[in-house]
Amino acid sequence: MSPQTETKAGVGFKAGVKEYKLTYYTPEYETKDTDILAAFRVTPQPGVPPEERGAAVAAESSTGTWTTVWTDGLTSLDRYKGRCYHIEPVPGEEEQFIAYVAYPLDLFEEGSVTNMFTSIVGNVFGFKALRALRLEDLRIPVAYVKTFQGPPHGIQVERDKLNKYGRPLLGCTIKPKLGLSAKNYGRAVYECLRGGLDFTKDDENVNSQPFMRWRDRFLFCAEAIYKSQAETGEIKGHYLNATAGTCEDMMKRAVFARELEVPIVMHDYLTGGFTANTTLSHYCRDNGLLLHIHRAMHAVIDRQKNHGMHFRVLAKALRMSGGDHIHSGTVVGKLEGERDITLGFVDLLRDDYIEKDRSRGIYFTQDWVSLPGVLPVASRGIHVWHMPALTEIFGDDSVLQFGGGTLGHPWGNAPGAVANRVALEACVKARNEGRDLAREGGEIIREACKWSP
């Protein structure tokens, strides 16, 4: 090796491990409007300073690796690196802190939730220097939001398609979710829709099993929709689950649903994947189908307090990827704090502009500009006696999704649907008359019982 080569190597590159904070911890950094901002809850290994761990998260989720590499000199690290720009303690948790990281927009492919998550959470969660890591929130800049189509139609267009205004929509998941033949399944759909529901729903794990192949289910459910519409004069729908083992089979099911002229299909967006979901969302926009989203598998990701990802992040990702409805759980019977957190991400689904509000778990102000909103679906163990609370908490722009609360009626499926519809209309009427649903809810439902099975 010549002396000249040795000199260049010595000046331009020095191998070895160095502290992340020397490069990736930048408390003086002023965030840009185009940066994607992330709030991580970090639980480090003992003895590691917060600045080093916050910088490690920024490095390992952007341009960094465990050592200096000679190709660092071939690019502009300052332009592309993630930066940990702020660290704050978690109240009541001595060993945890929130690390705020800013990512330059050029790190991400336009219109790809898949790439965004691969970059931000794809690798760093296995980092052994951390005991636990949780992504609490993301700020998606307007410049990146505008690269996404978002929901196929959104709240207002859905109401126009259904010609239903001024109240929450009503749905029911058909039970038992597995084991029914296609014909008996279609019968239950018809009875619920005829009784007064707006939608019925495939359960998330109803795909195309030996006891009920997807094409048979689609045909019998379409027949139930046609018949109930003719008898009630209302537009009805059934969430036909298009989720499949391949994207090709998923699209085949969506195409068949369009040929049947039904209004809505369904997708399990976490198990199906964001690439598949975005593909289906684009098809639904182009072909006039509404898209209902189920969040099956979400608790694997969001249930642990210290590790994983909060559902508000998954909700934001869904709004970008595309869906007209998504299950948001229900706050009935929950603690007040949980209610505030839930309604925080419900607002992130529906509203155009949401201010930072840490009391509701919103770490960043989020501007969705022209991206359509998503209807939150309140489900899980609800029945008619919850209707006053649900109407008050979720408001008109929501779907109230029953199951046993409809099908468990002692007189049958249709009377159960009638009871749901009568209870909802009684609550909406009482609210519009100025009555206090929280205080008078029980009385309102008892009055409605006179006109309901």
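Using N, Cα and C of the backbone, Cβ positions are placed for all residues, glycine too.
Predicted, not measured: the structure shown is a model, and the values here were computed from it.
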- substrate binding in Swiss-Prot involves Asn123, Thr173, Lys177, Arg295, Ser379; of His86, His238, His327, the partner in that site is His327
- Message: Most Cβ neighbours within 10 Å: which of the active-site residues Lys175, His294 is it?
- Response: His294
- In terms of Cα spacing, which of the recorded positions Asn123, Lys175, Arg295 are within 10 angstroms of Glu204 (Mg(2+) binding site)? Arg295
- Item | Distance, Asn123 (substrate binding site) to Lys175 (active site, proton acceptor) (CA atoms, angstrom) | 39
- Distance [Cα-Cα, Å, rounded] between Thr173 (substrate binding site) and Lys201 (Mg(2+) binding site): 5
- Candidate recorded positions Lys201, Asp203, His294, pick with smallest Cα gap to Asn123 (substrate binding site): His294
